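Asker: Please see the structure below; I have some questions.
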Amino acid sequence: MDLLNEEDSKKNDPTRRLFFLRQLFVSSTLTSGFLIYGMYMGAMTVMIPQIRREANSTEAITADQASWLCSLPGYSGLPWGIVLPFIAYRFGRKISLIMLSVSILISNIIFYRSTTLTELMISQAMTGMLECSTNTLTIMVITEYTSPRYRGVFMTLKSASFYWGIWISNAMGTFFHWTNIGLVIFVFSVYNLLVIFYPESPFWLATKGRYEDCSKCHRWLKGTSKDSEEELEKLILSQKQQNTKIKKQHSENIIVMFYRIVSCVTFYKPIFYAVLGTGLYHSSGKMAYSVYAIDIIQKITGSENTAYEGMLILDGVTILGMYLGSPLTKVLKRRTQLLSFSSIGAGFLFIMSIYLYMIQFNLLLENKYISLFLLVGFSISIGCGPMVMAACCYGELTPLKYRSTYLSIFTLLSSAATGSDLKTAPLVFRKFGTPGAFLYYAITSTVFICLLYKYLPETKDKTIQEIENCVVGEDDINEVETMPLKHK
């Protein structure tokens, strides 16, 4: 068969590069969306001090208003956690992506033209759809449109783009007026409109019984190699079986159906693993350190100039850590990379806390270079660990069955965690002090590391169907009688 011969010669086959570029094109707009989201979050770091300086008053934006500005995308993303997966389930991934791209463009225009705090709040609230999409549409598209061999790299690159966005905003806000950030966001917002040229998701087409269209889109994205054809065949076999079950359960009471879904092992286990992964990310405090970087570093070093310099350095090394972590996904297992680098990051948090306590009790003199060194070590290790691997793992663990329900519930939990993390971070630093805040994040992240060590399964180089079988404890999917796939 030609398909078998193609697999043997794939290293010299130029068409393999074509399929990679097609998958890269699909992933690029998602990466752009993460970059835009990062730029919005980074803008808050430099925008708030600028507005206060221009008004010559810290009351221009109070501490409470600042925390709401930073946390609003997380809270406003909560309703979208239900609406967006429903639209993706009912009308397809492509329609949802087009809606998202238009929403990003409108919120950017409002952000750029904002002259009052209310207008900034509206812009941040509209960003909630984008925040929600990072845990719904992004996961759907990357896991459904890309091959297992590239999926980990695409997942980690999109995660790194979020902190690229923060760094770009912080750099621009350090040297220019904050409104210039809106101009850069506009360029990427226009690029995101390229989603109108996307094919529909092969998985979504299969769930709707459109198997011929599913085969065409799958082969356009991933080619006709032996591995790709096996993945396509398993996808169609599993969906034919699932669609048969859905028809039998169509008249089932909605409450009974929801209970049956959430009590299914293929549903609650991935949700549990995903919550642990995102919990580790937020419990490390990295998001809070990035958004409130100037205030935190200034409290440690006592110098505003050092705070701005340290902010840019930490943003840069965070990105470096994520790009170091990205190629490591091709070498290390998911569990190994996540747990080892997370443990190193927690270690830096403990050391930082002890160091600051010793300064507080006059046992040591504060040295800004030691402080920055510890923060750099923390940023690199967290960048190689949970910042890239948490998203990678919960994306790969997304089940085939009840996909929209899973992503809705996970997004509700994740958006609430993001909003609460950013809303409560100033309170944590105010109540416990800077040394106590580092100790708090060190202890909570250690708890999540222990839980992940005990429960998280390995997902490296496995198809979504194989991962689901692993979660359930089956080696192979049940066979159903179908007609052989025809390659045209």
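Using N, Cα and C of the backbone, Cβ positions are placed for all residues, glycine too.
Note: TrEMBL annotation is automatic and uncurated.
Below are the features listed in TrEMBL for this protein:
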type: DOMAIN; residues: 26-460; note: domain 'Major facilitator superfamily (MFS) profile'
type: TRANSMEM; residues: 20-43; note: transmembrane segment
type: TRANSMEM; residues: 95-114; note: transmembrane segment
type: TRANSMEM; residues: 175-198; note: transmembrane segment
type: TRANSMEM; residues: 254-276; note: transmembrane segment
type: TRANSMEM; residues: 338-358; note: transmembrane segment
type: TRANSMEM; residues: 370-394; note: transmembrane segment
type: TRANSMEM; residues: 406-425; note: transmembrane segment
type: TRANSMEM; residues: 437-456; note: transmembrane segment
Asker: Restricting attention to the domain 'Major facilitator superfamily (MFS) profile' (26-460), give the mean pLDDT.
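Answerer: Per the prediction, mean pLDDT sits at 84 for the domain 'Major facilitator superfamily (MFS) profile' (26-460).
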Asker: Under an 8 Å Cβ to Cβ limit, what residues of the same chain, 6 or more beyond the ends of the transmembrane segment (406-425), are close to it?
Answerer: 67-68, 70-75, 77-78, 80-82, 84-86, 128, 131-132, 135-136, 139-140, 262, 267, 270-271, 274-275, 278-279, 282, 285, 287-288, 291-292, 394, 398-399
Asker: Given pairs 6 or more apart, does the transmembrane segment (254-276) have at least three Cβ pairs under 8 Å with the transmembrane segment (20-43)?
Answerer: no
Asker: I'd like to know if the transmembrane segment (437-456) touches the transmembrane segment (338-358) in this structure, counting it as a touch only when three or more C-beta pairs sit under 8 Å and are separated by 6 or more positions.
Answerer: yes
Asker: Give the nonlocal contacts of the transmembrane segment (175-198) in its own chain as ranges (CB under 8 Å, at least six residues past its ends).
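Answerer: Distal contacts: 25-26, 29, 32-33, 35-36, 39-40, 42-43, 46-47, 50-51, 93-94, 97-98, 100-102, 104-105, 108-109, 111-112, 168-169.
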